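Visitor: Got a structure for you, written out below as structure tokens; questions coming shortly.
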Amino acid sequence: MDPAGRARGQGATAGGLLLRAAAAAKGLREDLWGAAALPWRSLSRIPKREGLGEEDTAVAGHELLLPNERSFQNAAKSNNLDLMEKLFEKKVNINVVNNMNRTALHFAVGRNHLSAVDFLLKHKARVDVADKHGLTVIHLAAWSGSLEVMLMLVKAGADQRAKNQDGMSALHFATQSNHVRIVEYLIQDLHLKDLNQPDEKGRKPFLLAAERGHVEMIEKLTFLNLHTSEKDKGGNTALHLAAKHGHSPAVQVLLAQWQDINEMNELNISSLQIATRNGHASLVNFLLSENVDLHQKVEPKESPLHLVVINNHITVVNSLLSAQHDIDILNQKQQTPLHVAADRGNVELVETLLKAGCDLKAVDKQGKTALAVASRSNHSLVVGMLIKAERYYAWREEHHESIRDPSTGFTLTFKQDHSLETRHIRTLLWDLAYHQLKANEWQRLARSWNFTDDQIRAIEEQWSGNESFREHGHRALLIWLHGTLMTQGDPAKQLYEELVHAGFPKLAEKTRHFKSKTDSNSKKCVVS
């Protein structure tokens, strides 16, 4: 070739590359926009993108689409037959692939566009192309659930036994998407029972149906004798997978076939523990109604109650306690559920466990009570709640009253008090702590009120510095107020008398003028 010819050829090549690059940039934007609507987004785990070498970059460049090729794929996505016809007449390559190795047929099948699929198959579109995740059009037809498209693809010679990179066949995809007609066609018409194989996770189609909670599919696979009690590579049965996602109806159907409601997976976790860990309250209630073993011995030892406390599922906590779950059961660290809740500073869970009458004296492997754990973790609100509870239950025991059956009329709570009824007395206590009491004087008061040394230390462990005694004293006074209201006493009157008894007569006098404001409200106060 002469130099001029070579120059023209190089110019044409450069122009073509520029054209393809511009089209690729536009096409990438369109692909990203369109991906959200495509069914195959969730069909395969997307591998992590690695850096491209020179050879990879060159390959990627060849995958970029020209404008007409991009338009043709977009026409297939939107079922635009007129545009597909026009572009086909312009000799567009109908089998061209995009950067994900997908053809126009992938898009048409994925969106159930019968007309576009028919057009492509009549013009000899390839049915054997797998995208970068191994997905073929037969997989997409099974996923999208169009029996008509499936029939067309089978007639065109699509590989009925193809698997993607995750080892999933058309039967897996149809099962996962709950397309019963597709499953019936594959098994009863095409006799493809050999597709009933585990995927790369060790899951047969039956396990996928259970994981998705597809009751109709579970029943159909059972009818077709494709059910299994086998476990996947994680040691999960169909029951475990259904429980993980809270599929109560599916669990009910599965339990009708297998009676071992307490079967463990490879991690020694039962269905109840899976359901509690994930906070599936309705499923937990169903399993409890089926007499599931509440206190199954497992390693590592985390009871259902520990699991719901760890994962903050308070509704499930109430269900377990109503079913008589051992409230003081120990885990491998010899922690009760209260220890765990206190360590996390979870006020609502601590409140629930305290009101249920848990053991406040239980110690873990380090010899720490829940109070010591909360104090160490700097959860001052929980520390206050635990001290209130210790004093409350000590008072009930002294008066021989049932912990679970309070005789007094107040609403029991150990939370911080924000009620209007106690506003005046709380104002007095704040003034007393921050303006009247000197360093070390609140401890004298606390001991006169029978606070234990552990309780005083727990209060002192939060906050530090020269002025910290004011905050400590205020917290102790509020805890005392809880006990006074608990016994239906008059807070202002009792405060006056006890200040005198503790050796603070001048401070006692300063409380007198609050009495008239609190007399009418003290009997109505809610314990906090």
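Any Cβ shown, glycine's included, is placed from N, Cα and C.
So Swiss-Prot says this about it:
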REPEAT    67-96  repeat 'ANK 1'
REPEAT    100-129  repeat 'ANK 2'
REPEAT    133-162  repeat 'ANK 3'
REPEAT    201-230  repeat 'ANK 5'
REPEAT    300-329  repeat 'ANK 8'
REPEAT    333-362  repeat 'ANK 9'
DOMAIN    427-515  domain 'Death'
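Show me how these features fit into the structure around them.
Guide: For the repeat 'ANK 2' (100-129), same-chain residues at least 6 beyond its ends with a Cβ under 8 Å from one of its own Cβ atoms are 31, 37-40, 63, 72-73, 75-81, 84-85, 88, 94, 135-138, 140-141, 143-146, 148-149, 152-153, 156-159.
Residues 39-40, 43-46, 105-106, 109-112, 114, 117-118, 121, 127, 168-174, 176-177, 179, 181-182, 185-186, 190, 192, 194-195 of the same chain, all 6+ positions outside the repeat 'ANK 3' (133-162), place their C-beta atoms under 8 angstroms from a C-beta of that stretch.
Tertiary proximity for the repeat 'ANK 5' (201-230) is limited to same-chain residues at least six positions away from its ends with a CB under 8 Å from its CB atoms, namely 166, 171-172, 174-176, 178, 180, 183-184, 187-188, 193, 195, 236-239, 241-242, 244-245, 247, 249-250, 253-254, 257-258.
Here the repeat 'ANK 8' (300-329) has Cβ contacts under 8 Å with residues 268, 272-273, 276-281, 284-285, 288, 294, 335-338, 340-341, 344, 346, 348-349, 352-353, 356-359, 362 of the same chain, all six or more residues outside its ends.
In the repeat 'ANK 9' (333-362), the DSSP tally of helix, strand and coil residues is 17 helix, 0 strand, 13 coil.
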